[in-house]
Ligand code: PHE
């Protein structure tokens, strides 16, 4: 077997995995879900899920990759022929996510340029965002710009450069998030929002809170889509899996919590916590933050902070989009045995075509709805709330009962001790499978109106 190139030690591994994990999921998706699904109660459910399920699944995926030295499709097949299909199901997730991820990446690029060019005042008006995504040409143009940047980086293999840049960008992003958090939490009227965001209100609990938090956890930690298996396959035998996972977990969740604290209280400031603003979904970040930057006043100060912020978010989005595109490219290479450059072009064209409905779904195609959702919401739902839970469930069954948890435990222990071993075994064998089935069944039943929770 060919020697696989590997990450240099734990720091290299953690930075690469965190680059994939920290992205739009943390900054764009987490805050709007927290606003929509009850604030503090969503946070609580989310954190509990991260330290139990998220931890266990990430350990399992990385260990599978390191043990087999293969990416998802090959790894499942190598350990058990019958489970080859799971690798293919897993491969479907990044194929669905990459196109609509690029649509949002395009929105971020647009906002960055808007701030940079001094048109930020317009961006803080109420109907700016809706007006922008409702157009036909502009959003597609920004999608194409984001797509081309990602494509060029993946094609030229300059990923390394981006990862190095990320070593600086990530810490700056975190510092800036903290500063904006402090600012927006001290705005008059923000305290109500801080309370809503941090204090769990159990009366707001519903099955959708759990389904939303679970999908978000998979999405944000880049789980249930084979990515961590691939990353694990490049991990050195000496690197501690458990420590790495703990660090990624803290990093990823920390950025999400900060992003929520930046955005949710600000919604209270600018709309008084009005229900329709809290429910505004994918547009929340784009509608709220320009108002925050605008309120900073002081000549160009708000403009500079805003431009810097969107630039850093753009970076975080790019590193995640690169890891998504890399995954899809390697699937195409394995499947069709084509050259890397050819695979990149196929993936880019396919991605653009699949992204069009999501981009146009807020404008000319807004009359087309699938299960009552526009295209972007539908793709997001089908990957995060349907396919990923199913992949996670099958992965738990595969590890718990087919290859047995011992394989993972041995893999982890080959480089360090495994202090959450018991938790891992119980979660993978019993809690996670039962829980995922219960959530999926009850959300289908409540979706069909058979039960109300
Ligand atoms: N985890 C990334 C985010 O939070 C999204 C992503 C998912 C990236 C899957 C790569 C693979 O934005």
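Any Cβ shown, glycine's included, is placed from N, Cα and C.
Because TrEMBL annotations are produced automatically, they should be read as predictions rather than curated entries.
Feature list (source: TrEMBL):
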type	residues	note
TRANSMEM	39-64	transmembrane segment
TRANSMEM	85-108	transmembrane segment
TRANSMEM	140-158	transmembrane segment
TRANSMEM	170-191	transmembrane segment
TRANSMEM	211-234	transmembrane segment
TRANSMEM	255-273	transmembrane segment
TRANSMEM	304-329	transmembrane segment
TRANSMEM	341-361	transmembrane segment
TRANSMEM	381-403	transmembrane segment
TRANSMEM	423-451	transmembrane segment
Assess whether the transmembrane segment (211-234) lies in contact with the transmembrane segment (85-108), where contact requires at least three Cβ pairs under 8 Å among residues 6 or more apart in sequence.
yes
Can you name the far-off residues of the same chain, 6+ from the ends of the transmembrane segment (85-108), with a Cβ under 8 Å from a Cβ of it?
24, 28, 72-77, 132-133, 139, 141-147, 150, 219, 224-227, 229, 282, 286, 310, 313-314, 317-318, 320-321, 324-325, 327-328, 331, 347, 351-352, 354-355, 358-359, 375-376, 379-380, 382-383, 387-388, 390-391, 394-395, 398
I need to check the long-range neighbours of the transmembrane segment (39-64): which residues 6 or more away from its ends have a CB within less than 8 Å of a CB in the stretch?
30, 33, 75-76, 79, 195-202, 204-205, 209-210, 212-214, 216-218, 221, 223-224, 226, 228-229, 231-232, 235, 241-242, 244-246, 248-249, 252-253, 256-257, 260, 264, 392, 395-396, 399, 407-408, 411-412, 420, 423-424, 427-428, 431-432, 435
Among 140-158, 304-329, 341-361, 381-403, point out the range having the most Cβ pairs under 8 angstroms from the transmembrane segment (170-191).
304-329
Range from 140-158, 341-361, 381-403 with most C-beta pairs under 8 A to the transmembrane segment (304-329):
140-158
